[in-house]
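> Relevant sequence annotations retrieved from Swiss-Prot are reproduced here:
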ACT_SITE  58  active site, thioimide intermediate
ACT_SITE  65  active site, proton donor
BINDING   80, 81, 82, 99, 100  substrate binding site
């Protein structure tokens with residue numbers, strides 16, 4: 001018998017996606033992240049998420065900082081569920097941390113959740129005081145191929161290299 005959907009209802013039962021009431025966390029909340037099984041763990045395929053409205057707080061002034069966050073990853077056995085990722089990123093809005101720390105925290109939390117083959121997180125923060133900050137964090141599994149990818153991407157990184165113009169999204 002052929003399934004109507006690619007996933008059966010048991011696989012989807014525990015996800016927040018589709019709930020009638022969405023609870024938005026008011027503080028940093030890595031516990032809202034959810035993962036699902038990758039149906040193709042033997043493949044090498046990129047997944048990219050673009051968050052165009054990321055907000056956090058400067059830890060010193062408590063002024064808001066705005067950014068675009070780009071997450072590029074190659075999944076292994078688990079993938080991140082997109083609504084949970086949205087809620088997680090939204091949880092930074094009252095979180096006071098420096099740009100570089102926010103990006104590294106996002107990378108570390110996603111590595112802990114999914115254990116991907118490779119992941120990189122790029123933050124393109126709106127300039128304040130005439131200074132633009134574009135932090136980059138990446139991680140690779142121990143496999144030689146992904147370690148080489150890690151080294152290559154890190155050595156070739158430059159602002160805008162692994163992100164995209166928003167005009168391509170809209």
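Here the Cβ of each residue, glycine as well, is placed from N, Cα and C on the backbone.
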> Could you give the Cα-Cα distance between residue 81 (substrate binding site) and residue 65 (active site, proton donor), in whole Å?
25
> Within 10 angstroms of the C-beta of residue 100 (substrate binding site), what count of other C-beta atoms is obtained when all protein chains are considered?
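Its Cβ shell of radius 10 Å holds 15 other Cβ atoms.
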> Between 58, 65, 81, which of the recorded positions has its C-beta surrounded by the fewest other C-beta atoms within 10 Å?
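The recorded positions 58, 65, 81 were compared, and 58 has the fewest Cβ atoms within 10 Å.
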> Could you tell me which of these binding-site residues, 80, 82, 99, has the greatest number of Cβ atoms within 10 Å of its own Cβ?
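Checking each of 80, 82, 99, the winner is 80.
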> Looking only at C-alpha atoms, tell me how far the residue listed as 'active site, thioimide intermediate' is from residue 82 (substrate binding site), rounded to the nearest Å.
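Checking the Cα atoms of the residue listed as 'active site, thioimide intermediate' and residue 82 (substrate binding site) gives a distance of 26 Å.
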> Can you tell me how far the Cα of residue 65 (active site, proton donor) sits from the Cα of residue 100 (substrate binding site), in Å?
12
